[in-house]
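Reading through the structure tokens given below for one structure.
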Amino acid sequence: MRRHLSLLIGSLVLGLSLLIAPAASWAYPFWAQQNYDSPREATGKIVCANCHLAKKLTQAEVPQSVLPDTVFTASVKIPYEEGLLEIGADGSDVGLQVGAVVMLPDGFTLAPQDRWTEEMKEETEGVYFSQYSDDQPNILLVGPIPGDQHQEVVFPLLSPDPATDSNIHFGKYQLHVGGNRGRGQVYPTGEKSNNAVYTAPASGSVAAIEDGDNGSSILTINTADGAAVTETIPVGPQLLVNVGDNVEAGAALTNDPNVGGFGQVDAEIVLQNPVRIYGLLAFFAAVALAQIMLVLKKRQIEKVQAAEGNF
């Protein structure tokens, strides 16, 4: 029930935002929530890639190991050229928004805010974290947020404690991270956005280019068998063809306005047993002590040999 309520609220926020600020450049993680039970498919692909078709670099920084019940941070870097603009929903130039998803191992969660350090609070200022669903607290979402301020997103995380949860075990675990900058090329409904390349639906000659609603263009192609095929191109992409041009089916009718993209990366983290660390420290101490004793013994023998005149 809570998930449906959160999705309803998200939809209302989306609708209001489009009415109030139609030129904004969004990267909505909750669209994935509405269409997929998990953000990661069986193939390993994160579902954001189904709408954001361009591949871009995403980096993740996580500690090599953590102790139980410990607050730590994971950093997701979503780099792009500073000052870069893209096509908004109304065809205007807008700044890029970014979003991120972090799939943690079972038991790992967002750290309670009362355990955040002052540094964590500063690093996460202006960032809102949400769970993918009520029953998946280990899957965290961020975005959309302004990319010019957040090309690095820091997640304050809490490691589980096997002493209080029998389902958790010490060992190595995988994290799955996705980062997106800019708008998608395809909506979850399957329709193209105005941030995509539009292609010819059929081979033929461009017979007409007419103005449509909301700044769109309606392009008519006459095929060899006399049929007239139309393609509506929304405001934003620039036409590459003129009336009288011959085009092949699948040929680009517009430029590619997209400057963003999505990337994913896997990382590993070890939930370390503190007893093993103490044992390792004790082993190192024993080795160091043994080396010291050997050195002292050697010096003692050398002194005895020197006293006996046996060099």
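Keep in mind that glycine also has a Cβ here, set from the backbone N, Cα and C atoms.
Noted in Swiss-Prot for the protein shown:
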type	residues	note
SIGNAL	1-27	signal peptide
BINDING	TYR28, CYS48, CYS51, HIS52	heme binding site
TRANSMEM	277-297	transmembrane segment
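Taking all protein chains in view, 25 other C-beta atoms sit within 10 angstroms of the C-beta of CYS48 (heme binding site).
Here the Cβ of HIS52 (heme binding site) has 26 other Cβ atoms within 10 Å, regardless of which shown protein chain they belong to. Other C-beta atoms found within 10 angstroms of the C-beta of CYS51 (heme binding site) number 21, with every protein chain shown included.
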